[in-house]
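*Asks:* Swiss-Prot feature annotations, pasted as is:
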- His370: active site, proton donor/acceptor (ACT_SITE)
- Asn214, Asn236, Pro237, Ser238, Ser322, Thr323, Gly324: substrate binding site (BINDING)
- Cys186-Cys335: disulfide bond (DISULFID)
- Cys200-Cys395: disulfide bond (DISULFID)
- Asn66: N-linked glycosylation site (CARBOHYD)
- Asn93: N-linked glycosylation site (CARBOHYD)
- Asn151: N-linked glycosylation site (CARBOHYD)
- Asn196: N-linked glycosylation site (CARBOHYD)
- 25-398: topological domain 'Lumenal' (TOPO_DOM)
- 4-24: transmembrane segment (TRANSMEM)
Amino acid sequence: MRPGGALLALLASLLLLLLLRLLWCPADAPGRARILVEESREATHGTPAALRTLRSPATAVPRATNSTYLNEKSLHLTEKCKNLQYGIESFSNKTKGYSENDYLQIITDIQSCPWKRQAEEYANFRAKLASCCDAVQNFVVSQNNTPVGTNMSYEVESKKEIPIKKNIFHMFPVSQPFVDYPYNQCAVVGNGGILNKSLCGTEIDKSDFVFRCNLPPTTGDVSKDVGSKTNLVTINPSIITLKYGNLKEKKALFLEDIATYGEAFFLLPAFSFRANTGTSFKVYYTLEESKARQKVLFFHPKYLKDLALFWRTKGVTAYRLSTGLMITSVAVELCKNVKLYGFWPFSKTVEDIPVSHHYYDNKLPKHGFHQMPKEYSQILQLHMKGILKLQFSKCEVA
């Protein structure tokens, strides 16, 4: 063969190899990652399906240039976060076979995903809530939605009714009292021990409206972690009975304790159980007699029934919704932006540090973890979809 012909043949071979490489690598890389995920799902028989999805293999990242590498890394993170959302949705309906450590790994993965509010997701979810429940009009009992003569059914003891006579009717506000609705930024503050040393107090207090649950402490050293601002706080009637002696001999202590809440609304489930009614009314009359700055509101039992039905369609089948999920649902309807603090159903942090059940006591949760609360998995989904934001760890302090 002539020397020139050999050189041409060599160049042709090199061009062919280069062409094959260009055709093979870019087009195949994403598909290859998907195949690996599917193969992993089929081959990993000992791992629950949702966790296999969340642990799908990483795509090999080409390092031709810094910009290419960063773009590929960003795309991989996006794909990982989409898989994560799918995994959360799948385990929300099936919790057997998962350990607490599995869930903490999922939380760790969630924290690696950048959070961004998704206006369309928020609007769609809020519209569904409003269609079923309408917190804006029906969240609390008012003179507008409950006229004199109404036979009101209890939320849980639904076969029992209470007639709304004038002496009860005058306890209700004329209309819904949330005059600045919709609020721009709302904080729903749970009581989880994860708030200890979080330094979230300043951030919470900057919110336009702050919801709290069951008269938690907000003064002293804890304020740097939980804030002190309160616009609405729920009261479980049992705390009135157990801590404040049904407002008989400990009425003065109750009035002293509630002074820290300023002009907040006190929200009670007066019409959930018949046993709650008298105690809730006692709180109303105690505040009225003492000319306290706080105002008493009552959960509307029909709103709570409708809300329970709404969440039941999403797999939450508990005997009764937690106060935290009730208030979170209300906040989504009343607020444009919702952030949750102190929601943590685990016995330890992702760093394996024990967490007390409440931020104001040293009691640890019962040993062992049987299943992740269905409610919390729903809240995680709302976080992943950009409908609300969960604060998992310490807050950033300027």
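Heads up, the Cβ atoms here are built off N, Cα and C, so glycines get one too.
Predicted, not measured: the structure shown is a model, and the values here were computed from it.
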*Asks:* Across the listed substrate-binding residues, Asn214, Asn236, Pro237, Ser238, Ser322, Thr323, Gly324, what is the farthest Cα to Cα distance, given in whole Å?
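*Replies:* Across Asn214, Asn236, Pro237, Ser238, Ser322, Thr323, Gly324, the two farthest Cα atoms sit 17 Å apart.
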*Asks:* Across the whole of the topological domain 'Lumenal' (25-398), what does the mean pLDDT come to? Round it, please.
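*Replies:* Mean pLDDT, the topological domain 'Lumenal' (25-398): 86.
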*Asks:* Count the other Cβ atoms sitting within 10 Å of the Cβ of Asn196 (N-linked glycosylation site), across every protein chain shown.
*Replies:* 16
*Asks:* Given the binding-site residues Ser238, Ser322, which one's Cβ is surrounded by the fewest other Cβ atoms within 10 Å?
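*Replies:* So among Ser238, Ser322, the binding-site residues given, the one with the fewest Cβ atoms within 10 Å is Ser238.
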*Asks:* Output the one of Asn151, Asn214 that, of all these recorded positions, has the highest number of other Cβ atoms within 10 Å of its Cβ.
*Replies:* Asn214
*Asks:* Among all protein chains shown, how many Cβ atoms are found within 10 Å of the Cβ of Cys186 (disulfide bond), not counting that one?
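*Replies:* By my count, 26.
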*Asks:* In sequence order, which same-chain residues at least six apart have a C-beta under 8 angstroms from Cys335 (disulfide bond)?
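*Replies:* Correct list: Pro182, Tyr183, Asn184, Gln185, Cys186, Asp208, Phe209.
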*Asks:* How many whole Å apart are the CA atoms of Cys395 (disulfide bond) and Gly324 (substrate binding site)?
*Replies:* 20
*Asks:* Select one residue from Cys200, Cys395: among these disulfide-bonded residues, choose the one with the most other Cβ atoms within 10 Å of its Cβ.
*Replies:* Cys200
